[in-house]
Amino acid sequence: MKGRMKLRLVLDTHTHTIASGHAFSTIIENAREAFRKGLQLICITDHGPEMPGGPHIYYFGNLKVIPEKIEGVEILKGVEANIMDEEGRIDLPERILKKLDIVIASLHDECFEPSEDVERNTKALINAIKNPYVDIIGHPGNPIYPIDIERVLEAAKEYGKFIEINNSSFVTSRRGSEKICPIIAGKAKEMGVRVAVGSDAHICFDVGRFDEAIRLLEDINMPEELVLNTSVDKVKQYLQEKRKRIGGGQNSWN
């Protein structure tokens with residue numbers, strides 16, 4: 001009998017700083033904690049500007065001043081954008097999106113009214129997936145937005161996007177997600193859809209906290225090749241893939 005798979009992650013794809021308005025740590029504090037936990041990269045993904053208390057659009061334009069490495073940890077520059085409507089529109093313009101390394105698109109009740117309308121919610125996620133700048137669909141297991149899981153995963157596979165396995169959905173956020181996330185993860189494995197694991201840290205101590213997400217992926221023996229965060233090479237390869245997809249160069253900030 002094959003042994004249980006062990007996952008080790010090198011990147012936290014989903015972290016917030018004080019710029020999000022309801023998070024409590026700085027980029028430096030997050031990087032320090034990432035180094036302490038043995039991560040090689042983190043992505044700063046503060047909320048998009050339509051989130052109450054979120055950063056102004058200028059914040060995202062000025063991410064260029066952040067060094068490539070802090071405390072020995074490589075810093076990727078991103079956003080957790082808000083999906084605003086069922087057309088999948090997100091709250092940053094193309095001129096900003098094309099500069100970012102990682103764009104997570106998520107449904108939040110402050111920006112998209114919760115509804116039992118599965119078709120509406122599904123359409124919003126699929127249309128966000130079709131956006132060439134979007135990389136990851138954030139916390140899709142939120143029970144206040146029921147979706148057609150298979151259709152969303154089919155779209156993610158078709159467009160080469162990732163479905164997030166969000167650790168905070170098992171711990172502090174979005175009650176009820178812990179029942180839906182295993183269904184999504186299992187179906188992703190079955191369909192060969194890539195996933196990205198994020199802590200969704202809103203305080204530095206949670207950066208690199210993946211215990212529940214990893215437990216789920218190990219329990220279902222998710223193939224390592226379907227998990228973005230397992231090697232630096234895989235992350236870099238995807239970022240090159242993305243630059244080709246959106247027509248960007250090696251250094252998108254120039």
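Using the three backbone atoms N, Cα and C, a Cβ is placed for every residue, glycine included.
Remember, it's a predicted structure, so these values are computed and weren't measured experimentally.
Taken from Swiss-Prot, the feature Zn(2+) 1 binding site covers His14, His16, Glu80, Asp200, and the record attributes it to sequence analysis. Taken from Swiss-Prot, the feature Zn(2+) 2 binding site applies to His22, His47, His202. Swiss-Prot lists Glu80, His108, His139 with the feature Zn(2+) 3 binding site.
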His22, His47, His108, His139 filtered to the binding-site residues whose C-alpha is within 10 Å of Asp200 (Zn(2+) 1 binding site): His139
Pairwise Cα distance for His22 (Zn(2+) 2 binding site)/Glu80 (Zn(2+) 1 binding site) [Å, integer]: 14
Glu80 (Zn(2+) 1 binding site) and His139 (Zn(2+) 3 binding site), Cα-Cα, nearest whole angstrom: 11
His47 (Zn(2+) 2 binding site) and His16 (Zn(2+) 1 binding site), Cα-Cα, nearest whole angstrom: 8
Fewest-neighbour residue among binding-site residues, criterion Cβ within 10 Å, set His14, His16, His22, His108, His202: His22
Other same-chain residues whose Cβ falls within 8 Å of the Cβ centroid of His22, His47, His202, the recorded Zn(2+) 2 site, in sequence order: His16, Ser20, Gly21, Ala23, Asp46, Met51, Gly53, Gly54
Inter-residue Cα distance where the pair is His14 (Zn(2+) 1 binding site) and His202 (Zn(2+) 2 binding site), in Å: 9
Non-site residues, in chain order, whose CB comes within 8 A of the mean position of the CB atoms of Glu80, His108, His139 at Zn(2+) 3: His47, Asn82, Ile104, Ser106, Leu107, Gly138, Asp200
Output field, Zn(2+) 1 shell: CB within 8 Å of site CB centroid, site His14, His16, Glu80, Asp200 dropped: Thr15, Ser20, Thr45, Asp46, His47, Ile104, Gly138, Asn166, Ser168, Gly198, Ser199, Ala201, His202
Inter-residue C-alpha distance, His108 (Zn(2+) 3 binding site) and His14 (Zn(2+) 1 binding site) (nearest angstrom): 15
